[in-house]
């Protein structure tokens, strides 16, 4: 039985990457050591991290005036690092279009009790259960504000921002965890991009931060580990970094490049997601909660059947049939197909065949 992993993260990795990691696992580059054993100060690892950065710069066309960091703590740590480094003494706006955006805003509010800055809720679609991206008037934004924070892809709710909103000249800070390298964006349209690795970059353990140099603060931050300037000045080696996760990210970057880059990834992702969306649309049994087609995620596709009881039955039977981790997030229920870069087209076709069978048997 073929197993398809629909997990929202940690997620499916390219088989080619796993095989290469397996082949190099015991003896990396004739060093006589595993990658997991390499000193982060060794030439071997220095080559790995520099090549990882070079590949990411090429794939995303990152300008020279941006720094690339490989950090620890997951994207959630960035919820604190961003205001600590960028917002002290100023205003920070938050566009909340999903659960993760709300967590970022909530963390900022908590932090504002201890450092001098003002987090402002720019707009939220929570009252609509995050079924759409909320709109706002850019004139509401103070042009002197530190940043506008948004999430480019909402993994739980299945919405995405492809065309960035106008922000009255204020830098955009984006959580791009679930569609980095899966959809094309211009890096220069952002002040800062951050992304946890465990969806399109590699295994959990490393977080990529891409920050414009003029946003690196010379003022001391609460903690050296949480200071972008210190991390940048030390080439992400201020302390021992997640070496194996960075190595795996490098292999994934190589894989994306070999397949044709981010443009090819987006083309494939739109084909995969398009098949599933088209099937759901023509079905009287399944429904997508996302209100507007242009806001549909190509990475995470939530859907429901006519009842929670049928959802539970679907999840049980789908799991038994090899469609793993397809259950929707506990906060929304239903089902969710996460179709990240490494997820195969055949997996979508097989899922649709299963959905057709389930619909026929339960209508």
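Yeah, the Cβs are placed from backbone N, Cα and C, and that goes for glycine too.
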* Swiss-Prot pyridoxal 5'-phosphate site partner of 75, 76, 100, 155, 175, 239, 240, selected from 88, 144, 198, 282 -> 198
* Structure fact -> residue 41 (L-glutamate binding site) sits from residue 198 (pyridoxal 5'-phosphate binding site) (Cα to Cα, rounded, in Å) at a distance of 25
* To do: Pull out the binding-site residues from the set 76, 100, 155, 175, 240 whose C-alpha sits within 10 Å of the C-alpha of residue 41 (L-glutamate binding site).
  => 240
* Alpha-carbon spacing, residue 239 (pyridoxal 5'-phosphate binding site) to residue 199 (N6-(pyridoxal phosphate)lysine), which is rounded to whole Å -> 25
* Helix, strand or coil: which one is residue 100 (pyridoxal 5'-phosphate binding site) in, per DSSP? -> helix
* Asked: How many other Cβ atoms are found within 10 Å of the Cβ atom of residue 175 (pyridoxal 5'-phosphate binding site), counting all protein chains shown?
  -> 27
* Structural state of residue 175 (pyridoxal 5'-phosphate binding site), classified by DSSP into three states -> strand
